[in-house]
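Comments concern the structure below.
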Ligand SMILES: N[C@@H](Cc1ccccc1)C(=O)O
């Protein structure tokens with residue numbers, strides 16, 4: 001019988017009466033595991049080998065686990081020091097015992113937590129009493145660690161769970177394929193198997209020489225399991241950003257863009273944020289030292305914005321009467337929101353004057369000097385948007401959000417009245433986290449005030465919002481930590497394997 005080279009090697013290395021792991025055969029036959037696996041599966045198909053699968057759990061000691069095998073578990077070291085010092089008779093100070101046991105740093109907490117849990121004694125107001133008749137040699141966790149260190153297996157899953165939760169072991173599940181030669185395989189071997197002269201890959205030489213006409217090509221085994229190469233793919237955040245753009249375009253919006261570094265004028269002043277507003281300090285914004293200021297601001301608009309801040313607009317509006325400096329308006333910041341783009345567009349500065357109805361959006365990065373935590377980073381993507389039209393109301397705003405979020409499977413939005421210096425009314429928007437059930441803030445919105453619109457020269461109503469792309473992702477996929485998908489600590493495995501949801 002003629003077989004491809006790898007198959008002959010595997011068949012000859014396998015045994016008829018013992019099941020052997022493919023990995024072992026591969027090593028012996030000097031083949032890559034994938035090649036040997038492919039060959040074994042092909043042979044099994046021909047009935048020459050039998051292949052069985054075995055699920056295996058392997059347990060390995062972590063570095064900390066190994067350290068305890070050598071030096072003893074902290075709680076046992078504490079117990080031994082306690083016995084030595086006579087704490088089974090009379091309480092002894094914890095400080096003294098820690099010193100004698102050579103325990104410090106995190107080992108102290110570990111010793112204390114497990115000492116009481118395992119019944120080695122009690123600690124009360126810094127005094128340790130030891131149980132007289134505890135037997136550290138019989139300590140299950142110690143024995144299990146020793147056994148694992150010696151390469152033995154431990155069956156007690158509860159004990160393994162405990163060691164795993166202490167971070168002393170790691171468990172992996174794996175599938176091992178076991179192979180043995182079948183009766184037909186034995187017969188074939190006895191009758192003689194030879195390597196078929198097959199060609200695995202077409203080469204330029206084969207083609208130019210015309211030799212390809214005469215050779216025999218190896219068959220492809222499209223069912224063979226191969227290693228999966230980790231290739232590049234679109235980041236889930238980018239993927240979702242693109243979907244958001246598609247959805248908004250589908251809802252009749254146009255995209256706007258603009259600078260990441262911008263004048264405070266566009267970021268804050270146009271939005272009727274008083275220059276002494278707390279969010280304008282460096283706690284929230286990143287200021288640029290250089291260049292010191294922006295040159296091309298529209299003078300007339302600057303004048304109208306200044307006057308709105310100082311005196312208000314129209315009859316009912318007062319303004320702030322607080323200091324307003326043009327140099328502050330001209331200074332540059334990393335934008336803390338993309339509402340700066342809305343201002344550039346609504347004022348006519350970006351694209352010329354706009355006539356209602358108009359709808360614009362952007363999905364762009366913004367920067368804030370926040371404290372890092374599971375839901376905050378120093379930068380995130382904001383889904384900015386606005387509608388310019390006659391007679392808008394809160395219902396239009398809510399209807400737009402309902403329609404937008406529905407496309408991402410999110411149907412349980414909550415609205416909470418809110419305050420922004422630039423919108424009235426204003427609403428914060430909340431969704432429910434699919435895993436934790438927690439209420440998560442997803443955005444902020446409102447209808448721009450006259451103090452914003454009048455200086456811009458806008459006569460119709462404008463409703464507007466800034467939503468967080470990352471929070472949308474959290475609701476869609478159940479991520480609990482923004483750092484899983486964003487930034488340097490993000491989990492590559494998760495990004496590779498996450499399924500696209502629709
Ligand atoms: N700029 C607001 C969002 C917003 C935009 C427009 C109107 C109302 C609110 C924020 O960043 O939170």
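Keep in mind that glycine also has a Cβ here, set from the backbone N, Cα and C atoms.
TrEMBL entries are annotated by machine, without manual review.
TrEMBL lists 339, 382, 383, 384, 422, 448 with the feature L-phenylalanine binding site. Per TrEMBL, the feature Mg(2+) binding site maps to 424. The feature domain 'Aminoacyl-transfer RNA synthetases class-II family profile' is assigned by TrEMBL to 244-497.
Feature map: TrEMBL annotations on the structure.
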{"residue": "339", "record": "L-phenylalanine binding site", "Cβ neighbours (10 Å)": "30"}
{"residue": "382", "record": "L-phenylalanine binding site", "Cβ neighbours (10 Å)": "25"}
{"residue": "383", "record": "L-phenylalanine binding site", "Cβ neighbours (10 Å)": "25"}
{"residue": "384", "record": "L-phenylalanine binding site", "Cβ neighbours (10 Å)": "23"}
{"residue": "422", "record": "L-phenylalanine binding site", "Cβ neighbours (10 Å)": "21"}
{"residue": "424", "record": "Mg(2+) binding site", "Cβ neighbours (10 Å)": "14"}
{"residue": "448", "record": "L-phenylalanine binding site", "Cβ neighbours (10 Å)": "27"}
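In this structure the C-alpha atoms belonging to residue 383 (L-phenylalanine binding site) and residue 424 (Mg(2+) binding site) are separated by 20 Å.
Taking a Cβ cut-off of under 6 Å from any atom of ligand 1, the binding-site residues 339, 424, 448 reduce to 339. In the three-state DSSP reading, residue 339 (L-phenylalanine binding site) counts as helix. Calculated from their C-alpha atoms, the gap between residue 384 (L-phenylalanine binding site) and residue 424 (Mg(2+) binding site) amounts to 17 Å.
The two recorded residues, residue 339 (L-phenylalanine binding site) and the residue listed as 'Mg(2+) binding site', show a Cα separation of 15 Å. Residue 424 (Mg(2+) binding site) and residue 448 (L-phenylalanine binding site) are 6 Å apart (CA-CA, integer value). Across the structure, residue 424 (Mg(2+) binding site) and residue 382 (L-phenylalanine binding site) are spaced 21 Å apart at their Cα atoms. Of all residue pairs in the L-phenylalanine-binding list (339, 382, 383, 384, 422, 448), the one with the greatest Cα separation is 18 Å apart.
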